[in-house]
Amino acid sequence: MADVSIPVSEPFNAKKGSPYNNGGLAPRAYDDAPQKGHRVHHCLNFIVRLLTAMASAAALTTMVKSNQGPARWRDFWAFKWFIIANAIVLTYSTLAALASLLGEWTRRGPLSSTPLAWLTFLVDFLLANALMSAASTATAISWVGRKGQPNAGWEAQCVAVGGFCRRVLGALIASYIGWVLLALSTILAATAIHRLRRRSAVAN
């Protein structure tokens, strides 16, 4: 008995690049997404990355310029770690923002494939934890300098170096804002992974 092949007609509104017009190949996981939804996702990711870079830059700059008399950030390992962590987040967020902007135009950004989305998620997660670690240790030192520790005989120092303490406080606030934005980037990456896995399951 001869094989009978049943032709499948493509919809009348099938566009170029759609699952019905890709040369008979299986639909790709992310390229099948509506262009508008794809661009909105990458645009939101770009905005969050840019704001994260700005917050980290503000925290880094404020801490570096916080010196007042004998009070210097170089004398505290917690503040050194704070600057290193924010510098790493600033560099990463800037590069990630550029990648997101490129992905919005080319549809080949960091959230366009499952491996890249997983890598983005893991890096965001690790850097968010590192930034929280740096901010929390710097907050502890700042709190002791502002309030002192009577049981240990440590007196508050911010009365003598108020400008230093105010600038450190500003840097801490900016860093915590950067952490919130970085956590939001992690959520966006997790959302992209979910969407990619769902489309891959539908395609299979």
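Even glycines carry a Cβ here, placed using N, Cα and C.
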- Item | Identical membrane-side domain name, G103 and H194, from Swiss-Prot | yes
- Sequence-remote contacts (6 or more beyond its ends) of the transmembrane segment (44-64), Cβ cut-off under 8 Å? 73, 79, 82-83, 86-87, 89-90, 93-94, 96-97, 100-101, 104, 109-111, 131, 167-168, 170-172, 174-175, 177-178, 181-182, 184-185, 188
- Item | Helix, strand and coil residues within the topological domain 'Extracellular' (65-81) as assigned by DSSP | 8 helix, 2 strand, 7 coil
- Cβ under 8 Å to the topological domain 'Extracellular' (65-81), counting only same-chain residues 6 or more beyond its ends: which ones? 133-134, 137-138, 140-141, 157, 160-161, 163-164, 167-168, 171
- State the mean pLDDT for the topological domain 'Extracellular' (136-167). 78
